[in-house]
Amino acid sequence: MCAEELDFIEKYDLLGCIQCGRCTGGCPVATRTPLRVRGFMYDGLNEERLEELSEKPEIWDCTTCFTCAARCPKGLEPLEVLIGLRSLLIEEGKVQPTVRDALESIFKDGNPWGSPRSKRMDWAADLDVKILEPEDEEKTDVMLYICCTDAYDPRVMKVAQALVKVLKAANVDFGLIGEEESCCGSEVRRLGEEGLFEMCDEENVEMMNSYNVGSIVAISPHCYNTLKKEYHGLKHPVLHYTELVAQLLEDGKLTLNTEMKKLITYHDPCFLGKQNDIYDEPRYILTRIPGAEYKDFDRCRERSLCCEGGGGKMWVETESKEERLAEIRVDDAKEMGAEVIAVACPFCLLTLEDATKVKGVDEEMRVADILELLAEAL
Amino acid sequence: MNMVVCVKRVPDTSESEVHIDGSGKGIDTSRLSFGINECDNYAVEEAIQKKEALGGNVTVISLGDKQSDEVIRMALAKGGDDAIRLEDEAFAGSDAVAVAKALAAAVKDVEWDIVFTGALTDDDGYAAVPVALGEILGVPFATYVKKLEVMDDGKKVKVGRELEGGLMEMVEMTTPCVLGIQTGINEPRYASFKGIKQAARKEITIKSASDLGLDASDCGEAGSWAALEQFTPPVVGEMAEILEGEPDETAGKLAGILKEKGLV
Amino acid sequence: MKDILVLMEHRQGAMRDVSLEMLSGAAKLGGTVVAVLLGKDVDAFADKAAGLADKVIYVNDAMFENYNSRAYQKALEALIAENGPGLVLIGNTAQGVDMAPALAVSTGFPLVTDVTAIEMDGDKPKPTRTFYGGKLNAHMNMKDADTYILTIREATFPADDPSKSGEIVKTDNPVSDDLSYRQFVEYVEPEVGDVDITQSSLLVGVGRGIREDKNLPIVEELAKLLGADLAASRAVVDAGWLPSDRQVGISGKTVKPKLYLAVGISGAFQHVTGMKGADVIVAINKDPDAPIFGIADYGIVDDLFKVVPKLTEKVKELKGA
């Protein structure tokens with residue numbers, strides 16, 4: 001245990017922290033939860049306190065949005081300390097039942113939603129889509145990597161269906177993995193289950209490398225980030241769908257003909273913006289929709305507010321009674337007169353749509369993925 | 001306090017359709033996911049919690065083929081110490097009593113004060129193993145246990161049995177004893193991937209029917225009270241009137257019906 | 001045909017329905033129906049049993065004041081040996097299941113549990129039971145024996161009106177064993193919460209289909225609008241999403257509301273037993289094969305997350321109108 005704790009200090013470079021407080025100062029959930037990440041950077045130096053720190057409920061408030069890391073003048077990643085503390089609990093098996101069930105479901109069935117693998121392709125049942133074969137001699141341009149949430153969640157499923165519609169309209173040569181597709185493990189890692197993440201990494205890389213494709217296009221920024229930056233040995237380039245679609249529009253391969261006379265704003269997903277600097281493509285796409293007026297949130301791009309859907313938060317309820325960040329986001333959108341909040345992430349879609357219902361504005365304000373808007377604008 | 005916990009690997013059919021296979025006596029499992037029987041998961045947790053509180057050893061036993069190692073390893077990862085897997089073609093077709101005979105033979109070589117099993121299994125649902133096992137071993141037993149308190153340095157236990165209507169029957173028994181655990185007695189912990197990997201290093205002792213000293217007449221169908229002759233799909237009663245259409249339509253129709261019946 | 005021995009189950013001064021159901025069912029199988037009543041000063045139950053049995057063996061002894069599976073087992077061993085029945089029926093209840101397998105082991109007679117139908121082949125029963133939570137029926141072939149033991153699922157047979165006046169034979173307690181290794185202590189009543197769902201006239205039942213507790217509000221909103229209380233399946237209670245006093249079913253409450261709206265409930269037998277007496281049953285479930293549609297009056301085969309919010313909307317409109 002001792003060696004492991006010494007590791008903790010080195011692993012997160014805690015001695016490099018100058019306690020400037022920029023991390024806590026920028027932390028979006030610090031406004032509504034007791035989480036003060038700077039304190040953990042300091043307290044984590046005391047190896048005897050790690051167990052006590054891991055039992056503080058606020059370590060589960062972190063959405064791993066990356067703001068603290070982006071703001072750190074020393075280039076540290078304070079959020080990783082919280083993930084490290086979570087992993088201490090995971091080793092002991094002391095996690096909330098919802099987290100336990102999600103992780104067990106990934107281990108058994110390759111998705112966190114407690115659904116059998118045999119239902120993974122239900123979302124595409126009525127679509128005529130190519131299922132890729134491993135070691136196929138003929139190369140397919142694009143392999144779609146469908147997030148578990150897109151595959152199983154009845155609301156988010158529509159986004160995956162829209163992606164298929166859009167790519168077909170642009171005559172893209174693409175295929176799906178099918179029932180063999182498994183969770184990318186992004187949330188697994190952030191819930192602190194390092195071992196299971198390594199399994200996701202190894203098994204998915206081996207599986208994906210066995211296909212003859214030009215690139216992998218991920219539908220969720222969380223999958224995208226993990227495939228691109230956290231996997232080891234993946235040989236195919238990885239794109240987010242906004243990158244592919246923006247290119248298709250620019251090349252004139254995709255044309256939008258149906259008007260949408262709405263004021264649209266766009267919510268930057270943390271894992272696409274802050275963590276991967278993809279800000280322009282989504283805006284490029286939205287401004288190509290005929291008839292649509294586009295307006296940015298006041299807090300946008302690098303300063304965009306987190307929706308609180310990532311970092312395993314789909315399975316951990318925050319105790320705070322303060323207004324959710326997604327609700328603040330909806331208020332902001334309402335104030336600027338937006339009729340549509342466009343998103344490019346399944347978690348943002350769920351949290352923001354939920355917030356419009358809580359705020360009672362779901363009649364007048366729509367939350368939709370960029371892909372859904374595109375499919376309608378074809 | 002030494003304990004044995006018996007676990008079974010079963011298909012999860014709670015959210016899946018179940019199709020009868022060509023033999024008429026089995027089901028098509030190709031599209032089903034497998035895991036530990038639900039009650040057994042709670043039994044494992046109960047044994048580990050008692051070990052943590054009182055010390056002792058937990059032996060995990062499962063009757064099944066190699067694939068059952070997965071559920072055994074999870075139980076070991078959570079804190080089990082030793083494992084025995086009972087594997088023999090002779091066990092095919094075993095009902096509850098044949099399983100109980102094999103388990104009884106297996107625990108003979110293990111030191112134990114309490115044998116835990118699940119109260120019932122998700123597949124056949126006989127709910128007869130713990131009570132049959134207790135009788136074969138000649139020790140007190142109780143099933144549908146939803147509360148357990150160890151008393152007098154482990155010489156006695158006080159158990160709460162869940163009866164119909166949520167009523168709890170409190171019973172005191174001497175140890176050694178056999179307890180059939182009901183879901184909800186505790187909150188099962190998570191077995192980390194690392195823990196499962198480490199548990200993979202622990203040896204699982206494999207025992208055949210002859211290792212256990214069982215005759216052919218004790219095993220499988222021969223050793224069972226009854227054999228499964230045939231599966232049939234359940235006879236559906238008068239089916240509900242299914243409202244057709246998109247959610248908007250069906251919800252509208254239903255609201256209308258509720259109104260008509262004076263329920264709104 | 002040999003006699004059929006039927007064990008009467010009672011608890012806290014009340015005869016359990018399954019006892020009379022089994023007597024009624026046994027009468028239809030043919031043969032003499034012998035009720036076995038073990039208790040302490042339960043003459044009224046003996047009279048009740050006599051109305052549906054050809055004979056009642058009544059053992060009145062303090063040993064049987066509360067159910068003790070060991071005492072029951074020993075008594076039945078003796079009574080079976082003495083009477084040589086062809087068939088022994090015991091309720092597939094928390095009490096019956098705590099005893100019948102041990103009785104089968106000690107007597108060497110075969111047992112099939114949780115039986116939902118019986119056909120007779122001469123003296124041999126051919127029982128049917130269910131597998132996979134009621135998704136399949138299994139037809140069982142029992143090992144040949146002089147006596148067969150079956151535990152019968154509740155509500156398998158309807159309870160008939162009394163039509164017999166069987167002889168009540170008071171019998172000495174045949175059990176003299178020391179049973180101190182297992183002793184009854186007490187009954188603990190379930191905690192009573194803020195809502196008594198057995199008194200609710202409108203109930204919305206929530207099942208596993210809700211997936212997570214944070215999804216509960218969409219159902220709560222509908223329930224509130226309807227003026228209904230929330231009820232739950234076992235899975236939802238075990239997960240801690242709703243308190244145990246909301247559980248409907250065998251190990252929970254039996255409810256008889258005017259409306260039972262089952263949301264994301266598959267309709268396992270254990271649940272259905274507790275709510276099938278509702279006047280109107282409506283089920284919303286995405287699995288068209290869910291057994292709940294077999295007992296519901298109206299059904300919607302669709303995703304509850306799509307239908308429930310729409311239904312809330314429509315009810316709101318109706319209420320507004």
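Cβ atoms here come from the backbone N, Cα and C positions, even for glycine.
TrEMBL annotations: computationally assigned, not manually curated.
The FAD binding site annotation in TrEMBL covers C:Arg208, C:233-234, C:247-251, C:264-271, C:Asn285. Taking a C-beta cut-off of under 8 Å and a sequence gap of six or more, C:Arg208 (FAD binding site) has these contacts in its own chain: C:Ser233, C:Ala235, C:Val236, C:Gly264, C:Ile265, C:Ser266. Under the three-state DSSP scheme, C:Arg208 (FAD binding site) falls in the helix class.
Among the features that TrEMBL reports, domain 'Electron transfer flavoprotein alpha/beta-subunit N-terminal' is placed at C:4-178.
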Fill in: pLDDT averaged over the residues of the domain 'Electron transfer flavoprotein alpha/beta-subunit N-terminal' (C:4-178)
96
Worksheet item: For the binding-site residues listed here, C:Ile250, C:Ile265, C:Ala268, which shows the highest count of neighbouring CB atoms within 10 A?
Response: C:Ile265
Fill in: Same chain, 6+ residues apart, C-beta under 8 Å of the C-beta of C:Gln247 (FAD binding site), given in sequence order
C:Ala231, C:Ala232, C:Ser233, C:Arg234, C:Val236, C:Val237, C:Lys253
Worksheet item: Which ones, of the binding-site residues C:Arg208, C:Ile265, C:His271, are Cβ-proximal to chain B (under 8 Å)?
Response: C:Arg208
Worksheet item: Other than its own, how many Cβ atoms are within 10 Å of the Cβ belonging to C:His271 (FAD binding site)?
Response: 27
